[in-house]
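Everything on this sheet refers to the single structure shown next.
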């Protein structure tokens, strides 16, 4: 009883320590002169050099600094940077990173000694062997003769049981390291609940050995697999950077099933060093072809999280993978966002099957779950495609995934067709990965042209977004040098708000593809907003960036929000990327009406786009939207559309593109002259903004700036302000006004009476003083008063 009371006494203090303990005894430092010079310098200041992260950038530790501290050790940092060869030094802070599986209890699988048949769990690997288009076509890839041989995959996680009998034949020590323990042994730390089983499970999905009478087999069962132990300790920017940059000339694919908290209120991403590791990886890894980073999209679905708030999945350098249940449904844990590229199968709700793989203690499990299971499956499929064509670059791999992913049998209500005819969803990306199709396409793939980038900034904004309203901002892209075929699009936004979770953001391309960059997150009560956060979308893949882009921001909070600035960053190519002629022969079908449980057939493969026609600059149209402008139908535009698809892609001379359709320039100019904002909006500069919800038409965003009301209300004017009052409440309003007027009248009458009384009194007093009959009496009274005063003074 005493111990329990002591626990509750100390518990708040423990929480405080946990929340405020951010700084570690580790440093990152840039020191010129080479490793030996750096070692001599840091040891002279009491540090130990752990490793070289990048050339002249080192990971250090100081033994006399406490493991976790609420404040930085400024004295040691200043002392280190005082050396003239130390360019900069920074004490590292802890970054909270969570594994993206769902279970916390220990599950006892079947041990190898209880298994009698060759790969006994193969019949339970439904996601690989169901057939009939209900799996990921891995058997078809194996029939093509590829099994991952010669490809190296590493699992960035909590360790790898390298002596597991179903893994040791494919274990690669050159793809392994213990960043937490600073040695070459990635073996996990064992505890009573097997909390460090995650990496071993992920590794088995990729490269468990086939036909050895043990457990399961990996998708790339002849690939080499390694593990990096980096989550079983304090995760810092340096720990992530060292893991992401491990042996990049040997490792082909890095698989990560972790990230910031999926709690629906965190916005976090890679730090400076980890970002540099990504950039070095895609530019220099694999002999310049680029390291391939596969990432789990996140398990925050129950908390309404959005993976665009995760800077790892929201990155152009990662191949972000979501999950689907065995029935093709969106799992309860899945996060929907515009950066998700594709999907693999994983676990679902109670009763739905899960993933089979290796487990700790040389065991096997049939219960691997979450997007943690999806990312390694995707890494294994990428390994098959990479064996088919080892010259694939990191961008080639993303293109192949987009072109071959299958929307068929995946049920979601948000499937749309983008401007080039590909089906895409926020929940599933471009669909389920197809291993056989990827292998076939990889063999004939022509390396994509060099990646180009252009950035278009919006004019100075500082746009107020009133409570319970929205704003529409348009940005004309007249030129984008080097980018004609889009890959990734980033909308970099700076926005201040009192409650970040009440903000919703949409982006619409010139071809009419509308993307949700951010959905509402009910748990996010942060007041920090977003500062240059790069919301990324892959939904406009293959479209041309030229034309009018629209950014729509909804503010559902009870407080004002402020958009400070925004710009668009386009990544893509000047010429059409694609495979050799006749490599792909299938096209997507027509888009069905999307209802509950809707899904698509076919895949996302397209013929390589032709180069016919020229894009025309779109004339800017103030406030123009598809709702308030009567655009001609597509049937009447056959002569104006140079490249028709589900939406027009290019227009001939004399025509302009807007929202996926071509309009004659003369018609555009005529419509511009007569353009008005739609009901519920008002003109503000060259934009239309939302009126207060009570106003049908207005002159501003406030409730007292209404100029026209909806039928159930009337305009009520008072003191120069115009409100919309419901007709049902108007009698009460009129009575209140009448009563106010009565009170005002009574008050004026009272003032008049008081004033009149004062006047009468003053006049009466004056008349008494001037009357001859009363004057002697007055003088006598004064004389008597003066005599009395003198008598008193003599006494």
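Cβ from N, Cα, C; glycine included.
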For this session: State the residue range annotated as transmembrane segment by TrEMBL; the candidates are 721-741, 742-762.
Result: 742-762
Problem set entry | Cβ neighbour count (within 10 Å, all chains shown) around residue 372 (active site, charge relay system) | 29
For this session: Would you mind pulling the DSSP three-state label for residue 157 (active site, charge relay system)?
Result: strand
Exercise. Whole-number Å distance between the CA of residue 372 (active site, charge relay system) and the CA of residue 198 (active site, charge relay system)?
Worked result: 8
Exercise. Taking the Cβ of residue 198 (active site, charge relay system) as centre, how many other Cβ atoms lie within 10 Å?
Worked result: 25
For this session: Within 10 Å of the Cβ of residue 157 (active site, charge relay system), how many other Cβ atoms can you find? Include all protein chains, please.
Result: 30
Seminar exercise, completed: Rounded Cα distance in angstrom between residue 157 (active site, charge relay system) and residue 198 (active site, charge relay system) is 7
Exercise. If you run through the domain 'P/Homo B' (447-576) with DSSP, how many residues end up as helix, strand and coil?
Worked result: 3 helix, 71 strand, 56 coil
Exercise. Could you give the mean pLDDT over the domain 'P/Homo B' (447-576), rounded to a whole number?
Worked result: 96
